[in-house]
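I am attaching a structure below and will ask some questions about it afterwards.
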Amino acid sequence: MTELVTGKAFPYVVVTGIAMTTALATDAETTWKLLLDRQSGIRTLDDPFVEEFDLPVRIGGHLLEEFDHQLTRIELRRMGYLQRMSTVLSRRLWENAGSPEVDTNRLMVSIGTGLGSAEELVFSYDDMRARGMKAVSPLTVQKYMPNGAAAAVGLERHAKAGVMTPVSACASGAEAIARAWQQIVLGEADAAICGGVETRIEAVPIAGFAQMRIVMSTNNDDPAGACRPFDRDRDGFVFGEGGALLLIETEEHAKARGANILARIMGASITSDGFHMVAPDPNGERAGHAITRAIQLAGLAPGDIDHVNAHATGTQVGDLAEGRAINNALGGNRPAVYAPKSALGHSVGAVGAVESILTVLALRDQVIPPTLNLVNLDPEIDLDVVAGEPRPGNYRYAINNSFGFGGHNVAIAFGRY
């Protein structure tokens, strides 16, 4: 068996820019402040399709912005929704990172998505049935192809070290960051724009998940209290729109340009359950191994981890499996655990990137927001979940977990800078 590689072999990689839009705010800093203030972005949905199809789920978290007014007419004509989101976020990211001068031959892009623009194809079929082939634009393919969001950013930034689009359900955003880190430490790039974007809340995804009966909360009378990760009485997740991008680069590259360094990204691991299409391995074996490998690749030990940003969607099986995965990997260590989907909802392909930024901010500010709606911790979940009030502390190293349908597991190790 090949000897396992540890972080001692890798160049240091750091986070130097962040951009995010969520159901709470249109930027990362405001989202962060509102999470610390125990605010929720989950509201009653007022979309016409809720009544039209009599959907059993009537709650969710829409973004607080549209992107159209931030783009030119030509851009609007050529871009689908995900490309508009990624383009706007990438421009904010570049500004946040100090508008750096970079060698484009050493710049890569890695942006994941889960559902992508699949619903746009459905809408195009409706137009085609009504008006025939002339209703289909010659720009249709480029507007709705899954890699469009990453490609649009890569073209604007003239990135030539690779453009990637991980599609791994709810782990897509985290996998995009993990793949970017891997390319940098392998020497294939000096810097990467990475993260995840996801489409709007729509009728068909709600109906599809709702028909599974075990994964979505129908607590429509209490939107803000509906998602209850790790609680004994949890009954499923809630959709919450989002998108997030990070700029990561070698520490040497960042220092050379005088960048504002927010945190270290120290290790990342990707595993798979090989168990079931939509259910996690209840023992959390391979999810736990992803955490273990991220720690090893970072050159750390399980006892070094002070904080875990949990995937924790609020489903019965998922939260229990993640609790076991964390315990499998960390043994007797009990880091402070946070479950942000209780406040922001689940943005599918974007959520791993959203929560990576939250992990970075927790390390930067040395405080963890409270998990909302945790009243009675499930007795089968042996975790130290932060609830009630924000918890200041001495947080040196953290893990961000992301898991997805299909058995996808991603764990990323971050460090305080």
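Quick reminder: no glycine exception, Cβ is built from N, Cα and C everywhere.
Feature list, courtesy of Swiss-Prot:
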DOMAIN    10-416  domain 'Ketosynthase family 3 (KS3)'
ACT_SITE  C170  active site, for beta-ketoacyl synthase activity
ACT_SITE  H311  active site, for beta-ketoacyl synthase activity
MOD_RES   T313  phosphothreonine
MOD_RES   T315  phosphothreonine
ACT_SITE  H346  active site, for beta-ketoacyl synthase activity
Count the Cβ atoms, other than its own, that fall within 10 Å of the Cβ of C170 (active site, for beta-ketoacyl synthase activity), considering every protein chain shown.
28
For the domain 'Ketosynthase family 3 (KS3)' (10-416), provide the mean pLDDT of the predicted model.
97
Work out the three-state DSSP category of H346 (active site, for beta-ketoacyl synthase activity).
strand
Kindly assign C170 (active site, for beta-ketoacyl synthase activity) to one of the three DSSP-derived states: helix, strand or coil.
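Its secondary structure by DSSP: helix.
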Between H311 (active site, for beta-ketoacyl synthase activity) and C170 (active site, for beta-ketoacyl synthase activity), how far is it from one CA atom to the other, in Å?
9
Only counting partners 6 or more residues apart, tell me which same-chain residues put their Cβ under 8 Å from the Cβ of T313 (phosphothreonine).
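Within the chain, T313 (phosphothreonine) has Cβ neighbours under 8 Å at C170, V215, C227, P229, G236, F237, D319, K341, H346.
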